[in-house]
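Per TrEMBL, the feature domain 'NADH:quinone oxidoreductase/Mrp antiporter transmembrane' maps to 23-288. Sequence annotations record features per position, and here TrEMBL assigns domain 'NADH dehydrogenase subunit 2 C-terminal' to 290-343. The transmembrane segment annotation in TrEMBL covers 57-75, 95-115, 153-171, 178-196, 202-219, 239-255, 275-294, 323-346.
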Amino acid sequence: MSPIVLTIIISSLGLGTILTFISSHWLLVWMGLEINTLAIIPLMIRQHHPRAVEASTKYFITQATASALLLFASTTNAWTSGEWSLIEISNPGSATLATIALALKIGLAPLHFWLPEVLQGLDLTTGLILSTWQKLAPFAILLQLYPSLNPNLLLLLGVLSTMVGAWGGLNQTQLRKIMAYSSIAHLGWMITVLYYSHNLTQLNLILYITMTSTTFLLFKTFNSTKINSISSSSSKSPLLSTIALMTLLSLGGLPPLSGFMPKWLILQELTKQNLIVPATIMAMMTLLSLFFYLRLCYATTLTMTPNPINMSTSWRTKLPHNLILTTTASLSIFLLPVTPAILMLMP
């Protein structure tokens, strides 16, 4: 792809998200989401592969449906209340429709069916953008709308997402599908606590983006898309394999790693709100998620690719120094001790 075209596409991605961030009018918010969707399609389809074409088509149809639902919700609200302001959503039907539309946009269960299939058809770089950057604009809307949303609906979507994310990733062998189900589970944690503590949702979103970025960058460095192919990483770079092990365990939410922080705080908040049953279900589903993260850890660090005896050991490849990977990996692993400071900063 031409550097000029790539610059225009990346700029459009940024423009769409920023427009959604700064807008308070429903039409401008909708326009930002549309720019965002249209900007990522060329990145998806640049491989000229049937799977990439299929993924792009599925993504476009899904996002167009969600955008139409969101536009219908905003129009209905304007019709009943006479207000186009984003935070003036007084009609319960419009609020429910907007919640469903945004759930479809980010891939919450039971509207998650497109996400694993789309992510499987993309390369790792575009998959990283889809799993991280594309979640920002819908969450910016949810964080402004949360006082008007139905807490029971959010709780249902959240618990379902954690269950689907945990069960769906169990028997997968493709790394991108595993990351898709991991994304669904993490989004479920965020949406569950949104109504009760939006600050925790923001914290979880930041840490999710950090950990997912680290994982995708490691897979890209290893050039791996399947569990089988990642087993050669330990012989190529033991240091990066150890970082991958720590990052995957952090994604699973094991202490004393950064990923434990949002799960601990969210379970604490749900217990304060007397939501014991959803908290218990989500904690149990985390154990299932941890199983497939441990599978990846085992493949990454404890197995080696079979080599014939008469072959010499392959040279350890000189891996490029990546400042982004270094920063995100450090944040993904070492943030738990600063939890009290983060809590003090949260209003």
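A Cβ is built for glycine as well, from the same backbone N, Cα and C atoms used for every other residue.
Panel annotation: around the transmembrane segment (275-294), residues 155, 158-159, 162-163, 165-167, 169-170, 172, 178, 181-182, 185, 188-189, 192, 248-249, 251-254, 263, 266-267 of the same chain, lying at least six beyond its termini, place a Cβ under 8 Å from a Cβ of the stretch.
Same-chain residues lying 6 or more positions outside the transmembrane segment (323-346) and placing a CB less than 8 Å from one of its CB atoms are 199, 203, 207, 210-211, 213-214, 217-218, 221, 243, 246-247, 250-251, 255-261, 265. Across the domain 'NADH dehydrogenase subunit 2 C-terminal' (290-343), mean pLDDT in this model comes to 76.
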